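Over in TrEMBL, the protein carries these features:
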ACT_SITE  Lys11  active site
DOMAIN    67-149  domain 'GHMP kinase N-terminal'
BINDING   Pro99, Val100, Ala101, Ala102, Gly103, Leu104, Ala105, Gly106, Gly107, Ser108, Thr109  ATP binding site
ACT_SITE  Asp141  active site
DOMAIN    219-290  domain 'GHMP kinase C-terminal'
Amino acid sequence: MRHYSLNAPAKINLYLEIIGARADGYHELAMILQSINLADQIDLHAANTQTIRVFCDHPQVPTDESNLAHRAAVLMASNFPTAFSNFGGVDITVKKRIPVAAGLAGGSTNAAAVLVGIDLLWGLGLTQSQLEELGAKLGSDVPFCIGGGTAIATGRGEQLSPLPSLNNMYLVLAKYKSLAVSTPWAYQTYREQFGAEYIKNHQDFTQRTKAVHAAEIVQAIAVQDVEVISHKLHNDLEKVVLPAYPQVLQLRELFAKQPEVLGTMMSGSGPSVFAIVESKQDAETVKEKITVAINDSDLELFVTQTIGHGIQLETRH
Ligand code: ATP
C-alpha cells in the first residue's frame with residue numbers, strides 16, 4: 001500500500017494591510033507571509049475503495065467534507081477523474097500541532113499538503129504554479145502554503161511574489177487554547193468599522209500594492225535586518241480583534257514590555273500573537289517569563305523559527 005508522509009508548516013503574517021473591498025466581495029490585501037517550523041503531519045494512504053476519508057487527533061477539527069484537507073482531495077478527484085478511478089481513494093490522517101482557528105493557516109497548510117501528496121500518489125507531475133492555481137480554489141492562503149518561505153501576497157492573498165527567504169529568525173508564539181477567532185467575523189467587523197477609509201477606486205489598488213512592494217519592511221527582509229523588520233510589523237486586523245479580546249491585548253502588551261522582544265504582532269485574524277527575538281535563548285527566556293506572568297494553563301507558548309520552505313515530503317513507502 002503506497003503511503004506518503006508530509007510536513008505542513010504554519011505561517012505568520014509579518015504584515016497585513018486591508019486596502020479595500022473588491023467587486024467580488026473579497027478584500028483586496030497586501031500581506032507578507034512567513035512560514036514557521038511549527039507544523040502538522042499529513043499522512044496519505046492509498047485506499048482500496050473510491051472513498052476519501054479524513055482522520056484527525058484534534059477535537060475541534062471536523063473530519064467530514066468541511067475539512068479543508070478533505071476538500072483538497074475532492075478537488076483533485078474532480079480535476080483528475082481518470083487518475084482517481086485508476087488509483088482509487090485516499091485516507092488522510094492529520095496530526096495537529098498547529099493551534100486551530102489561530103490565524104496560522106492550519107487548515108490551509110493541510111489542504112496544501114493534500115494537493116502536493118495526491119500529485120505524488122497519482123504521479124500527476126503537476127508544477128508548483130498548477131498546484132497553486134488549484135489551491136486558490138480552496139482558500140486564499142493555500143497557494144502560499146505550498147511553496148512557503150517568505151512572500152508578498154496580494155489580491156485576495158493568492159497572488160504571490162517570493163521574497164528572499166528569512167531563515168532562522170527566532171520567535172515566541174502564544175495562543176489561548178480556548179480562544180478562536182473567526183476569520184470572516186474579523187474582516188466583516190473591520191469593514192463595518194473602517195470601510196469608510198477604504199481605497200474606493202479599484203485602479204488605485206495596484207498603486208497601493210506597488211507601494212507595499214517598496215515598503216521599508218520588504219527592503220529590510222532583503223537584507224535580513226531583523227531589527228527593522230521587528231519595528232515595521234503591521235496588522236490592520238489588530239484594530240478589531242484586540243478590543244474584542246482583552247486577553248489577547250494583554251498578552252500583546254506583555255510581550256512588548258519584555259526587553260528581549262524586538263517586535264510583536266498578532267498573526268492573521270488572530271488570536272495568536274508572536275514576538276521576534278534575537279536568539280533561541282532569548283526565546284526560551286521570554287517564554288518562561290510570559291508563562292509565569294500569565295500563569296494560566298489555557299495559554300500555549302511555542303519557541304519557533306522562520307523557515308524557507310512550505311510543504312515537504314518526509315517519507316514515502
Ligand atoms: P487562516 O489563518 O487561514 O485564516 P486559521 O489558522 O485562522 O486560518 P484554521 O486552523 O485553518 O484557522 O481553522 C479554521 C476553522 O476551519 C476551524 O475552526 C476548523 O473547524 C475548520 N477546519 C477545517 N479543516 C481544518 C483543518 N484541516 N485543520 C484545522 N481546521 C480546519
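Backbone N, Cα and C atoms are what each Cβ position is placed from, and that goes for glycine too.
Each of the binding-site residues Pro99, Gly107 was scored by the other Cβ atoms within 10 Å of its Cβ; the lowest score goes to Pro99. For the pair formed by Ala101 (ATP binding site) and Asp141 (active site), distance between Cα atoms is given as 13 Å, rounded to the nearest Å. Checking the recorded positions Pro99, Ala105, Gly107, Asp141 against ligand 1, the ones with a C-beta less than 6 Å from an atom of that molecule are Ala105, Gly107, Asp141.
Cα to Cα, Gly103 (ATP binding site) and Lys11 (active site) are separated by 8 Å. It is 8 Å from the Cα atom of Lys11 (active site) to that of Thr109 (ATP binding site). Asp141 (active site) sits 16 Å from Pro99 (ATP binding site), taking the C-alpha atoms as the reference points. Under DSSP, Gly107 (ATP binding site) is assigned to a helix (H, G or I) in the three-state scheme. Summarising the environment of Ala105 (ATP binding site), the number of other Cβ atoms within 10 Å of its Cβ, over all protein chains shown, is 30.
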